[in-house]
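Undergrad: Here's the feature list from TrEMBL:
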ACT_SITE  Asp196  active site, proton donor/acceptor
BINDING   Glu10, Asn146, Asp196  divalent metal cation binding site
BINDING   Arg93, Asn95, Glu113  substrate binding site
DOMAIN    8-255  domain 'SMP-30/Gluconolactonase/LRE-like region'
Amino acid sequence: VVKEKNRMGECPIWEERENALVYVDINSQKVCRWSPVTNEVQSVSVDARVGSVALRQCGGYVIALGTRFAFLDWDTQAVTTILELEQDKPNNRFNDGKVDPKGRFFAGTMAEETAPGVRARRQGALYTLFPDHSVIKQLDQLDISNGLDWSLDHRTFFHIDSLSYAVHAFSYDVHTGKIACPKLLYHLEKEEQMPDGMCIDTEGKLWVACIDGGRVIRIDPETGKRIQTVRLPTPRITSCCFGGKDYSEMYVTSAYDGLDEATLAKEPHAGEIFKITGLGVKGIPQNFYAA
């Protein structure tokens, strides 16, 4: 549905009030908004790689870029820093993020590659930004903090550390926002490659984007089993969310960075955004950051 190619399209969210899909292109340092009505993509450039974007209750967005949390005013394109983190790790940046059921923004970090396939291990962490702008560190020694979501009863937090090739489940206290007691939920099969972004549907099942696996997979958290696979026409599938007027459509982002020229020539859809219909299941609206 979006032909304008992204170097590293990520973190799609459906914004009902704008009837639009909002997402980031991490490596192009842009926050983007696509209207299915006009088919137009608007974007705001920022001064660092932007790993995630989320809706703010009072309008505009909260973003995680470089190693800082910030607000983005779409109309003025102004970026206002809330807090700087990890200033002792100049090679780190924020990656995926999402707002919890009580309006707190969870986002994690990762070390950038210093050469193709080379990165410092266990440099990442997962943070929670509260509505009063205070921050706590929830997890550390992560490799690539990635996809995240909450169970429908708000008692479980799901998280992906990509280089573990797995989805983990944590107990989650909705009152304090704290997570605890990790357990392995699902380990990806070889052909599924590496887990990236993730979302939940109204049946409580998880959808995981498989980067370099060219697919999204549906997992049942009750059984820890994969129950569905949807293949997409390009390998570097990065994230997914439900949207559209009744949240029955799934939007899937992809990337072309990381593909060599020979592969790119054979992958005309790399970096585009796709819509999957007919899944027979819906998603739930995004939570708003409560400040």
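Counting begins at 1 with the first residue displayed.
Cβ coordinates are placed from backbone N, Cα and C, and glycine is handled just like the others.
Because TrEMBL annotations are produced automatically, they should be read as predictions rather than curated entries.
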Undergrad: Mind giving me a neighbour count for Arg93 (substrate binding site)? Other Cβ atoms within 10 Å of its Cβ, every protein chain shown.
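TA: There are 22 such Cβ atoms around Arg93 (substrate binding site).
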Undergrad: Run through Arg93, Glu113, Asn146 for me and report the binding-site residues whose CA is within 10 Å of the CA of Asp196 (active site, proton donor/acceptor), in sequence order.
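TA: Neighbours among binding-site residues, in sequence order: Asn146.
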Undergrad: Neighbour count first, Cβ atoms within 10 Å, every protein chain included; then name which of Glu10, Glu113 tops the list of binding-site residues.
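TA: Ranked by Cβ atoms within 10 Å, first place goes to Glu10.
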Undergrad: Can you tell me the CA-to-CA distance separating Asn95 (substrate binding site) and Asn146 (divalent metal cation binding site), as a whole number of Å?
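TA: One finds 6 Å between the Cα atoms of these residues.
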Undergrad: Determine, to the nearest whole angstrom, how far the Cα atom of Glu113 (substrate binding site) is from the Cα atom of Asn146 (divalent metal cation binding site).
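TA: Cα-Cα distance, Glu113 (substrate binding site) to Asn146 (divalent metal cation binding site): 16 Å.
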Undergrad: Including all protein chains displayed, how many Cβ atoms other than that of Asp196 (active site, proton donor/acceptor) lie within 10 Å of its Cβ?
TA: 27
Undergrad: So what's the mean pLDDT when you look at the domain 'SMP-30/Gluconolactonase/LRE-like region' (8-255)?
TA: 97
Undergrad: An 8 Å radius from the center of the Glu10, Asn146, Asp196 Cβ atoms defines the neighbourhood of the divalent metal cation site; name the other residues of that chain inside it, in order.
TA: Cys11, Asn95, Asp96, Ile144, Gly147, Ile160, Ser162, Gly197, Ala209, Ile211, Thr238, Ser239
Undergrad: What is the separation, in Å, between the Cα atoms of Arg93 (substrate binding site) and Asn146 (divalent metal cation binding site)?
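TA: Here the two Cα atoms lie 12 Å apart.
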Undergrad: Would you mind ranking the binding-site residues Asn95, Asn146 by how many other Cβ atoms sit within 10 Å of each Cβ and giving me the lowest?
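TA: Counting other Cβ atoms within 10 Å of each of the binding-site residues Asn95, Asn146, the minimum falls on Asn95.
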Undergrad: Which are the residues of the chain, Arg93, Asn95, Glu113 excluded, whose CB is within 8 A of where the CB atoms of the substrate site average out, their centroid?
TA: Ile26, Arg49, Gly51, Asn92, Phe94, Thr109, Met110, Ala111, Glu112, Arg119, Ile144
